[in-house]
Amino acid sequence: MTTVHEPHVTTTASADALSVWPASATEPRPGDLTVGGVPLAEVAEHFGTPVYVLDEAEVRERCRTYRHAFPDAEVLYAAKAFLCRAMIHWVDEEGLGLDVCSAGELELAVTSGFPPERMVLHGNAKTPHDLELALRLGVGRIVIDSPSEIARLAAAVGPEGHQKVMVRVVPGIGAGGHQKIRTGTEDQKFGVSVSDGYAQHAIARILDQPQLELTGLHCHLGSQITSVKPYLTAVRRMVGLMARLHEQHGLVLPELDLGGGHGIAYRPGERRLDLTALACRVHAELTQACAAAGLSVPRLMIEPGRAVVGPAGIALYRVLTVKHTGDHTFVAVDGGMSDNPRPALYGVRYAPRLVGREGSADLARVTVVGRHCEAGDIVAADIDLPADLRPGDLLAVPVAGAYHLSMASGYNLVGRPPVVAVHVGRARLLVRRESLDDIRSRDVGL
Ligand SMILES: *Cc1c(COP(=O)(O)O)cnc(C)c1O
């Protein structure tokens, strides 16, 4: 008989429980969780709640992981996941490009010093203002999403002008964590389809516009994809289209953009996309498919958003009430669907934990809810938290860096939370809390 030695665990948080937290997360004393060298309870005390905390080193390290995994590719951070001026600087300093989809994202980046030539503009319905600003600021590439955009863009560029463009192709692949975030299939609003010939038709029209230089094809399959396979299928279909374009038009496209959508774990034990495997297998598939088609290998571009910033963020809430009704215990916090609409939108599940004090060892099954006027305002349903949880306690929700603040709303006029960066033991305010004065100042009529 062999003896199995259990690893010695000194605190209530095992390594596994911290697996979805930033690498800097430590628990020097039970319940006393520290990120970026700063105790989360101190952040809450100093900046108030709800508050988003962002670990700068974690963001930078994730940018570097991409650069190392894809040394020959252009990695563009998808701004819509989360954007502020500090984030723009970090992404720039780490050598990533930027994927934007509005005049607002574009202008914030350019006025923060981000080089416009390293930016790509997306959007299924770009406004005249989006296009005018992109051209004026000199954005690197504009991704054409529909045939009607071609003549509009060509006219805006003018006969003497020049603009690099890509075209967003629908490869006909169903992948992604939820129906609402699948964008590679035929029945959704983005891109032009290969199967019905729209993509080929649109490309022929782009080639007729001398001021538009088509540099490559783009596709984005969806979000929260945890398997490499859909990306390999996308590579084969895109190279197939490139081969047909080469035959028909003698066209050689130097770039191929595979979009983002790389899945992350929101709760311990959940699957995430293996970036090293993705890089190796996409590279192999692309090389092989191009060789078989007699094409030179285009430069790869990728656009991760969530996987760069999601796991670097934490949302901190204060517990306001604990209510027992029938079989349920509801723990209500001072935020909710206005600072995180994702559970209501896609049924996403989070794993909040108590921070700032050691909770009782016995656990109770509770549902953590927000403060908003809807029954669907749920932060986390049916999770186990210390049974002695009470008003005044702090709850921390890991993996809150992506699609939280960027999707936050003005619901119930509670004001959007601030963003605080933590780094080597220091906490600094990046984005201040939205105040009633902010809300009042926009309200100019009577
Ligand atoms: C949203 C989006 C991304 C990023 O998606 P993630 O799931 O955050 O990686 C990349 N490219 C395009 C075109 C997008 O719309």
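Even glycines carry a Cβ here, placed using N, Cα and C.
Keep in mind that TrEMBL annotations are predicted by a computer and have not been checked by a curator.
Per TrEMBL, the candidate among TYR52, TYR403, TYR411 that belongs to the pyridoxal 5'-phosphate site alongside GLY261, GLU303, PRO304, GLY305, ARG306 is TYR403.
Annotated pyridoxal 5'-phosphate site GLY261, GLU303, PRO304, GLY305, ARG306, TYR403; additional same-chain residues within 8 Å of its Cβ mean position, judged by their own Cβ, are ALA78, ALA81, SER223, GLY260, HIS262, ALA307, VAL308, ALA402. Among the recorded positions listed (LYS80, ARG342, TYR346), LYS80 has its Cα nearest to the Cα of PRO304 (pyridoxal 5'-phosphate binding site). Among the recorded positions LYS80, ARG342, GLU374, the residue whose Cα lies closest in space to that of GLU303 (pyridoxal 5'-phosphate binding site) is LYS80. A distance of 27 Å separates the Cα atom of ARG306 (pyridoxal 5'-phosphate binding site) from that of GLU374 (substrate binding site). For the binding-site residues shown (TYR346, TYR403), fewest C-beta neighbours within 10 angstroms: TYR346.
If you compare Cα positions, GLY261 (pyridoxal 5'-phosphate binding site) sits closest to LYS80 out of the recorded positions LYS80, ARG342, TYR346, GLU374.
For GLU303 (pyridoxal 5'-phosphate binding site), other Cβ atoms within 10 Å of its Cβ number 25.
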